[in-house]
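For 6-26, 38-59, 98-117, 137-155, 167-188, 240-267, the entry in TrEMBL reads transmembrane segment.
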């Protein structure tokens, strides 16, 4: 069966292909004028933007009775795919810092831990094992390749400069995005696009873990839970296990987000970062 598993042929094949495509893109743009580089990278973002909406016509999206919610801001990657093209065109340095830091990070992680491409789940329900070369799996990898490729090329050709003085904005932006996911999930539930029984359920629709940890992610759970106050995992009325939506992620996001952002600053703004140390 041609499926993706940690460490198997397809797992490494997608990583190698992504690595080669990044190198080829950098090489292809080497002698191109800055204007060409700018529009070339923007066009890549636009392709991903369009695919985000057209994906509803392929399997398994076309098996859903109501599919509109799959075009909404239902996870961090979707938010990035929808907004990054316009952030890329903007002159807002803080948002562009997030485009680089958040883009590369949220692009690399799915290649290392391609959970959505491996688990037999789709939209919170059981789905037969996904073929490694299915359109949906290819789309999944392409979407995340774009998130990491464009900022890597931008930084390679000095099309943007990260500042260590702005890194504290990064976890704030991520928390805003997670809040947007919660609002989006509430809205599509109220509209009736998804079942109301899925709302707040970490085992069903649980975009970017805003409702808590899923089964099978105990390793990640231990890593995240290091900085989660117990009070944020207990229902205030019943006392049962209950992750406070979004709130439970505040400390992990600010602690890990600041550390990761500082690492990027050390790479791309080394002199100013060393002064802080």
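Cβ atoms are placed via backbone N, Cα and C, with glycine included.
Because TrEMBL annotations are produced automatically, they should be read as predictions rather than curated entries.
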When you scan the chain for residues with a C-beta under 8 Å from the transmembrane segment (137-155), skipping those not six or more beyond its ends, what do you find?
4, 14, 18, 21-22, 25-26, 29, 37, 41, 44-45, 47-48, 51-52, 55, 58, 77, 80-81, 84, 88, 99-100, 103-104, 106-108, 110-111, 114, 116-117, 130-131, 162, 268
Which range wins on Cβ pairs under 8 Å with the transmembrane segment (98-117): 6-26, 38-59, 167-188, 240-267?
167-188
Going along the chain, which residues at least six beyond the ends of the transmembrane segment (167-188) come within the CB cut-off of under 8 Å?
68-69, 72-76, 79, 94-95, 97-98, 101-102, 194, 199, 205, 207-208, 210, 245-246, 249-250, 253-254, 257-258, 260-262, 264-265
